[in-house]
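S.K.: Quick one: this structure, given as structure tokens, is what I'll be asking you about.
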Amino acid sequence: MRCLIASSSRDKTESDFSESRQVRLAVAAMAAEEILELSNGRITAKIAAWGATITSLIVPDAHGNLADVVLGFDTLEPYMKGISPYFGCIVGRVANRIKEGKFILNGVEYSLAINNGPNSLHGGLKGFDKVVWDVVERKSGECPSITFQYHSKDGEEGYPGDVTVRATYSLPDSTTLRLDMEAVAENKATPINLAQHTYWNLAGHNSGDTLDHSIQIWGKHITPVDENTIPTGEIMPVKGTPFDFTTEHKIGARINDVPGGYDHNYVLDSGEEKNGLKHAAKLKDSSNSRTLDLWTDAPGMQFYTANYVDGITGKGGAVYGKHSGVCLETQGFPNAINQPNFPSVVVQPETK
């Protein structure tokens, strides 16, 4: 498959306000628990309004056998309680890490929520993965789709300006899941870097680790990191290193040569381009029965091998251990807001 990474006039009393608040809370709870299905007869995705999260993706292998190829939970409760290590969600306002949770923009210093050692990760304590998105459009037919929308307020998690974000999941053909994401800054310049954080296991979410998966990455460089996983600012060639996946290799072949495992941003600089998208990666399970081709218009991709997943009980009682999934997070470069030599992630407000 390909994943292409959108009234009453009387005075109100105190009891009236209480009643309306209860109604609003009930509606919010129902929306939070909403899981929608997107299917074309060959691929079936389940996507939650909570975090615009892919909770399940069932696809056939070369022999027609179906399997759910993403890690996750049977219910939304673990996601809503913060147990999930970003399974399947959209992360933002800024994906990945911002050094010490600080940046200066237009002469103003901003301080963000710190939630990953000394850094701010994936938008902070309550990023886009931990909010309810509105379902604003659903389409059926030859290209079924679901569009989610979220309004992020000025000051949320320390970020400047109001931002409206749209994410559209669609199935444009029998073997393709597409995600289009758009963010509009409404009144202030702000950093924006959205990423989809699905953990893939093409042999099936409950099939153990992914070290026998093979991957090819169309990136000749990475952005190496310091002891706190913050890019140093260098653009390093991968040739001759364990990071070289310009030709296909098994994930586990050299992972022990990378302290902690892979959790690095690749510069997508060598893939074929088609319809405005670059070929970023090709992932295969050990039997070659399922292949995922990833295409994107983002400049980078975080290759993460679930190094910090340790004994999480997921769907059907499956226990997810270290390296049980692979994340291919297309993105702007980590900490780009503090690295002037990286592609900018600053979005300017619309002018009217």
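Glycine is no exception: its Cβ is also placed from the backbone N, Cα and C atoms.
Unlike curated entries, TrEMBL annotations are predicted automatically.
Features from TrEMBL:
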- Asn96, Arg97, His197, Thr198, Tyr199, Asp263: beta-D-galactose binding site (BINDING)
- His197: active site, proton donor (ACT_SITE)
- Glu329: active site, proton acceptor (ACT_SITE)
S.K.: If you measure from the C-alpha of the residue listed as 'active site, proton acceptor', which of the binding-site residues Asn96, Arg97, His197, Thr198 fall inside 10 Å?
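M.R.: Among Asn96, Arg97, His197, Thr198, the ones whose Cα sits within 10 Å of that of the residue listed as 'active site, proton acceptor' are Asn96, His197, Thr198.
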S.K.: With Cβ-Cβ distance below 8 Å and at least 6 positions apart along the chain, what are the contacts of Tyr199 (beta-D-galactose binding site)? List them in sequence order.
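M.R.: Looking at Cβ-Cβ distances below 8 Å from Tyr199 (beta-D-galactose binding site), excluding near sequence neighbours, one finds Val70, Leu71, Gly72, Phe87, Gly88, Ala306, Val309, Tyr320, Ser324, Gly325, Val326, Cys327.
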S.K.: Pairwise over Asn96, Arg97, His197, Thr198, Tyr199, Asp263, annotated as binding beta-D-galactose, what's the top Cα to Cα distance to the nearest Å?
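M.R.: Result: 18 Å between the two most distant Cα atoms.
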S.K.: Please work out the number of neighbouring Cβ atoms within 10 Å of the Cβ of Arg97 (beta-D-galactose binding site), leaving out its own Cβ.
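M.R.: Its Cβ shell of radius 10 Å holds 24 other Cβ atoms.
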S.K.: Name, in the order they occur in the sequence, the residues of the same chain whose CB lies under 8 A from the CB of Asp263 (beta-D-galactose binding site) and which sit 6 or more residues away.
M.R.: Thr229, Gln302, Phe303, Tyr304, Thr305, Asn307
S.K.: So if I draw a 10 Å sphere around the Cβ of His197 (beta-D-galactose binding site), how many other Cβ atoms end up inside it?
M.R.: 24
